[in-house]
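Annotated in TrEMBL:
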TRANSMEM  15-39  transmembrane segment
TRANSMEM  51-70  transmembrane segment
TRANSMEM  76-94  transmembrane segment
TRANSMEM  106-124  transmembrane segment
TRANSMEM  130-148  transmembrane segment
TRANSMEM  195-214  transmembrane segment
TRANSMEM  229-250  transmembrane segment
TRANSMEM  283-301  transmembrane segment
Amino acid sequence: MVCFNFNEIKTKKTLIGLGLGQIISLLSTLVSFTASEIARKGISAPTSQSFLGYVSLAIVYGGIMLYRRSTIKVKWYNYFLLAFVDVEANFLVVKAYQNTSMTSVMLLDCWAIPCVLVLTWVFLNTRYRLMKISGVVICIVGVVMVVFSDVHAGDRAGGSNPVKGDFLVIAGASLYAVSNVTEEFLVKNADMIELMSFLGLFGTIIAAIQISIFERGALRDIHWTTEAILLYIGVALALFMFYSLITVLIMINGATMFNLSLLTSDMWAVLIRTFGYHEKVDWLYFLAFATTSTGLIIYSMKEKDQEEHRTAEVVDEEAVQRKLLDEDDEPGT
């Protein structure tokens, strides 16, 4: 029989995870709004929007790493593959804003959650018990309420090519799942500063190459007004804070908690639309926010019988992760 220990909600780790998750969710919403505004201005250069974010990571964390003169704990190509997946995930999702509505993008991002569950179970040997799965289901129910709210209110804009946009989001969300799980593996076996440094470095290089091949014409055609420049700077600052906090949350609570926290970005978007744009919001949004928040809290809590096996599971998970690192260190790899 599964017993729930409600006192666990008071633990420092749980409260930090919930708080960080909502800050990251708000940053994600700000990035989404900014990307949507850039798309509305007819600017079609998706990779360039994340380029400055990678540059800032490389400069800040690379500088810290050089000052510390720390040795590299993980092979460089692991970071290169992570950066490649992350750049393309950002490209696909930002590209989707040119084809479908912001609401559709933020909702379909939820596809990353089942992907993360499967990937962490297969590659990181993470086991999810009944309470964790219940929390995920409740979170997704909250997001479904947002969909019904959009349909009920009739304010869901379709975009120029909704089907294409939706497929782009699903592809991007799948890559985000791979990126998040890889980050969880690396941050637990290497170092946060090292991870951010190489993600920024390789992300900058890959993005620069992609921009030079595919987006040179688009950048030349942009009318660089003060507003456009501020939007790009805003995206860079938000992404820098977003990536910095992601590693902390993943290190404390894992990639699944991070992706579940992003579900409330839809609700933050509602608040911005209500108070920033003075749009009328359907009452179902508030019920959806309460439902999703409840799911997050349930996911964060521990089951009583989980404590009996917690040490063994942690040891097993660390053994699997260490085995993967040892295989990289073998001659000929």
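Positions of Cβ are set from backbone N, Cα and C atoms, glycine also.
Note: TrEMBL annotation is automatic and uncurated.
Sequence-remote contacts of a segment are chain residues at least 6 beyond its ends whose Cβ falls under 8 Å from one of its Cβ atoms, and for the transmembrane segment (76-94) they are 35, 39, 46-47, 49-50, 54, 105, 109, 168-169, 171-173, 175-176, 178-179, 182-183, 186, 195, 198-199, 201-203, 205-207, 210, 328. For the transmembrane segment (51-70), the partner stretch with the highest count of Cβ pairs under 8 angstroms, out of 195-214, 229-250, 283-301, is 195-214.
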